[in-house]
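Student: My questions all concern the structure below.
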């Protein structure tokens, strides 16, 4: 990686095939031979800039798995949103998230992505946004497991030589720096987070109605009174926030909240929950199953008592994407009254949910007339893809 110019695509042609699935097709192998370096060594003179762009745009093309994961949507996204900056920010989705913060400093990294490498302030700010996006600020609390909990979320573990020339990996070297330097500079052994003296360490729903105890967790779904727009979800327990993301709790009708099969928006109130590995691979639900719910109090209980069932948290295809090819490129799609989240968030949510299976996990749906205040409280900004939807009998799940 070249921090000054971004991710380096001066690749030996055979390594392209073994590294990127996009180059493993018949056409991809031809392109690897055509664009890649003909020899392993020497690396210089290397691949021309023109061919490096072609390699990046093919490796991260939106038609292939990796490009889809990165949220790329047009031909040049691979090169424009290649790994850049202090933490190698990669892919359109990552840049869009960071852009919500960099634009406040007058830097639009979607229209000018090279600002991530040419402007030191934007390089730092975009990396901070990435850290927050991956929830690493929470995962880093009270841990020294740099390799297990942090490095894998930032980048791949690649082989390299240490400072004296011995074989190592970049994750091992980061661990060494953490142990020898940064952990001491920031005095992590003196951190009081989570200790008895930390009286402010209380985690509760946005409206402060429910507080996590040692044996409970909450997925707080905070949505605007106007359900046609997105809100957010915050998953937390008594130790802190585990995960945050966007959520849509809009049904296909503007009423019928308490009617069985009414398909109205998700009722507010407290729900008990459980995970079921069902509907895997179905475009309306995605690849990660459902977190199903049953009413405990409020309209949630009223709806359950009246026979309204089938409500769950799930992901699936987004607006503008066909049922045959679902991804997170579009905004969240209306459901028949469930809570919809993005596919990448659902994948992480299921992992976090199952890891807390020893606790009682509640889902709490609450409305607010100031959704911006909720975003601000949890360090988020509104989803750049969000828009005001319309209620329609033809709206698809």
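Cβ coordinates come from backbone N, Cα and C, glycine included.
Relevant sequence annotations retrieved from TrEMBL are reproduced here:
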| type | residues | note |
| --- | --- | --- |
| ACT_SITE | 314 | active site, proton donor/acceptor |
| ACT_SITE | 338 | active site, nucleophile |
| DOMAIN | 221-364 | domain 'L,D-TPase catalytic' |
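Relative to the rest of the structure, where do these features sit?
Tutor: Long-range Cβ neighbours of residue 314 (active site, proton donor/acceptor) (same chain, at least 6 residues apart, Cβ-Cβ under 8 Å): 279, 284, 285, 286, 288, 289, 290, 291, 335, 338, 339, 340, 341, 346.
When secondary structure is read from DSSP and collapsed to three states, residue 338 (active site, nucleophile) falls in the coil class. For residue 338 (active site, nucleophile), the Cβ neighbour count at a 10 Å cut-off comes to 27, with all displayed protein chains included.
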Student: For residue 314 (active site, proton donor/acceptor), name the DSSP secondary structure in the helix/strand/coil scheme.
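Tutor: The three-state answer is strand.
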Student: Helix, strand, coil: count each for the residues of the domain 'L,D-TPase catalytic' (221-364), based on DSSP.
Tutor: 21 helix, 50 strand, 73 coil
